[in-house]
Amino acid sequence: MRLSGRDLRCVRGGREVFAGLAFEASGGEALALVGHNGAGKTSLLRLIAGLLTPEAGTITLDGGEPDTPVAEQAHYLGHRDALKPSLSVGENLGFWRDFLGGERTDLSAGIKAVGLGHAAELPAAYLSAGQRRRLSIARLLVVRRPIWLLDEPTSALDVKGQELFVGLMQEHLARGGIIVAATHTPLGIPVREQRIGAAT
């Protein structure tokens, strides 16, 4: 499996963020996007996720589902946790599982995998910032998709939470998955760097 972008141009708010950008990541590989603030790291993740449309260029996934858009074969974990405060941990995760569709796994397994088994019935409003982040990470587990797009994924996680997430990323890569991440802190796994924008 290979995820690639060719001659990508991104414009936001009338400003060109980048042009002529190319990238490539193979199954089992983590690609870390590096560059100064505003260089377009988050914009590239959002292009791959289908949340933005490129002004030019193409994004393809060789070895994926041929009739399924790349965006529907990717998970995007952004800055915000996108949780409904009044819903429980289990209900929030169930909502995302049903919304995302595809091949599904057991909710309880996903909740336990991120260390929230004791809080499955607790409303999200009562979770700490780190627990909310763990619940967002659980979305990656209950619907299997080969591409993980991660924007500052370890924000709000304590050391134990970061170690847990490292294990989940390692398992995803071992299954042949792809990770593309924008982060200011090390992911804790081997990565290949992709510079976005001019070197600083």
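Cβ coordinates are placed from backbone N, Cα and C, and glycine is handled just like the others.
Feature annotation from Swiss-Prot assigns ATP binding site to G35, H36, N37, G38, A39, G40, K41, T42; the stated evidence is sequence analysis. G40 (ATP binding site): 23 other CB atoms within 10 A of its CB, across all protein chains.
The domain 'ABC transporter' annotation in Swiss-Prot covers 3-200, and the record cites sequence analysis as its basis.
Cβ neighbour count for H36 (ATP binding site): 13 (other Cβ atoms within 10 Å of its Cβ, all protein chains included). Of all Cβ atoms in the shown protein chains, 19 besides its own fall within 10 Å of the Cβ of A39 (ATP binding site). According to DSSP, T42 (ATP binding site) is assigned to a helical segment. Counting other C-beta atoms within 10 Å of each candidate's C-beta, the binding-site residues G35, G38 are led by G35. Taking the centroid of the Cβ atoms of G35, H36, N37, G38, A39, G40, K41, T42 as the ATP site, the other same-chain residues with Cβ within 8 Å of it are S43, A182, I196, G197.
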